[in-house]
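Visitor: Structure below; questions to follow.
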Amino acid sequence: MKLLSRDTRLVCELALCPLALVFWSILGVRALDNGLARTPTMGWLHWERFMCNLDCQEEPDACISEQLFMQMAELMVSDGWRDAGYDYLCIDDCWMAPERDSKGRLQADPQRFPSGIKHLANYVHSKGLKLGIYADVGNKTCAGFPGSFGSYDIDAQTFADWGVDLLKFDGCHCDSVVSLENGYKYMALALNRTGRSIVYSCEWPLYLRPFHKPNYTDIQYYCNHWRNFDDVYDSWESIKNILSWTVVYQKEIVEVAGPGSWNDPDMLVIGNFGLSWDQQVTQMALWAIMAAPLLMSNDLRQISSQAKALLQNKDVIAINQDPLGKQGYCFRKENHIEVWERPLSNLAWAVAVRNLQEIGGPCPYTIQISSLGRGLACNPGCIITQLLPEKVHLGFYEWTLTLKTRVNPSGTVLFRLER
């Protein structure tokens, strides 16, 4: 099936009455304030792995259906994903029927979701999980299903009535900047008015940046997390592009991240087909450093034990979920090596050394301990543990010493430093 590009934007005009505009001006900075996502969201999202597969006759195990999500829910419990922290099961595009119902409400495709979304939400909740769903700010979703333009209130209430816990709100089919921004703000208010706690995942800056620089202070008022860059694909080139974009724009985005508000570099594709082992380690390590939502998109029925162990690595997850809530950043790039760091609670730090080369063998690299954590991480000394690609207790290092490591091509070594 040929999908409409997520970059496709058709005209949608949002006609807001003066009263609504006054309402926004009063409540704008408190529009979200939902107390959710105090640490980055963790879970599973169908899009990258299963896309918009609607053919349940030919591919019953891979089409977007309630069967797929119920199977994933079962595995998230039985295989330890929920206990590791992955507690959101998220539906992306292509779950809807082609038309709204007679009352103007969104409805699930009756053949692929015969029991409806409320039933699925109840099932997911019975497993101790939470359900995420997808909608779009414009006239249509990216795949051409009904959009939420003009129906923000009724859609928000529908999701609340169903028991939805997260909304991923896309930005296709809306090429008016005013419409785009107002639509995202209005949906935040509409979700709050339902009285239900619903994590709000936006793609606002992704669609805004081609027109002007996003106001991230504004965006963080309304969204729990937000996409900045292109969709991730199951390829190393895609991961590299996301990381390169992040380094270029980190001065804009790092400071606005924190409890309840996160930059989202998109899904984890670990356990699929396109990344080598070292590249999977790099994605896991850098997503932890970036305090990114950890939303896997893979097939939990077929995932390898090695990929599962990486995704469930409790030490790496602890860095990602650190309650201090500070996003990490790249602070050094020399030749083909990048060094990233992230401040953690209790004066700890995470440090990642990434090898940009894709040829040759492991690259030796030496770090001055005094340079880490803005000179504070190991002053006067610290205990260093290598967490990835394997856990190694390296011991106590004084501030005046050096740390030597070797990093595989396209790989990353992740350390934790504790005072």
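Yeah, the Cβs are placed from backbone N, Cα and C, and that goes for glycine too.
The substrate binding site annotation in Swiss-Prot covers GLU203, TRP204, PRO205, LEU206, TYR207. The disulfide bond annotation in Swiss-Prot covers CYS52-CYS94, CYS56-CYS63, CYS142-CYS172, CYS202-CYS223, CYS378-CYS382. Residues or ranges marked as N-linked glycosylation site by Swiss-Prot on the basis of similarity to another entry: ASN139, ASN192, ASN215. As annotated by Swiss-Prot, signal peptide applies to 1-31, with the evidence given as similarity to another entry.
Context for these features, please: burial, neighbours, distances.
Guide: Neighbours of TRP204 (substrate binding site), defined as other CB atoms within 10 A of its CB across all chains, total 26.
Cβ neighbour count for CYS94 (disulfide bond) (all protein chains, 10 Å cutoff from its Cβ): 24.
In this structure, CYS56 (disulfide bond) belongs to neither helix nor strand by DSSP; it is coil. The Cβ of CYS56 (disulfide bond) lies under 8 Å from the Cβ of CYS63, SER65, GLN111, ARG112, each of these being in the same chain and 6 or more residues away along the sequence.
Around the Cβ of CYS172 (disulfide bond), the number of neighbouring Cβ atoms within 10 Å comes to 26. Mapped onto three states, the DSSP output places CYS172 (disulfide bond) in coil.
In this structure, CYS202 (disulfide bond) is part of a beta strand by DSSP.
Take the CB of CYS378 (disulfide bond) and look out to 10 A: across all protein chains shown you find 26 other CB atoms.
Cβ neighbour count for ASN192 (N-linked glycosylation site): 20 (other Cβ atoms within 10 Å of its Cβ, all protein chains included). When secondary structure is read from DSSP and collapsed to three states, ASN192 (N-linked glycosylation site) falls in the helix class.
Less than 8 angstroms from the CB of ASN215 (N-linked glycosylation site) sits no same-chain residue that is six or more residues away. Reduced to three states, the DSSP call for ASN215 (N-linked glycosylation site) is coil.
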Visitor: Between CYS382 (disulfide bond) and TYR207 (substrate binding site), what is the CA-CA distance rounded to a whole number of Å?
Guide: 43
Visitor: Same chain, not part of GLU203, TRP204, PRO205, LEU206, TYR207: whose C-beta falls within 8 angstroms of the C-beta centre of the substrate site? Give them in sequence order.
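Guide: Result: GLY171, LEU180, CYS202, LEU208, ARG209, PRO214, TRP226, ARG227, ASN228.
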Visitor: Cα-Cα separation of CYS202 (disulfide bond) and CYS378 (disulfide bond), in Å?
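Guide: Distance between the two Cα atoms comes out at 38 Å.
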Visitor: If H, G and I count as helix, E and B as strand, and all else as coil, what does DSSP give for CYS63 (disulfide bond)?
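Guide: Note: CYS63 (disulfide bond) is coil by DSSP, not helix or strand.
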Visitor: Counting across all protein chains present, how many other Cβ atoms fall within 10 Å of the Cβ of TYR207 (substrate binding site)?
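Guide: I count 25 other Cβ atoms within 10 Å of it.
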Visitor: Please list residues from the chain of GLU203 (substrate binding site) whose Cβ is under 8 angstroms from its Cβ, counting only those at least six apart in sequence.
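Guide: GLU203 (substrate binding site) has long-range Cβ partners LYS168, PHE169, ASP170, GLY171, TRP226, ARG227.
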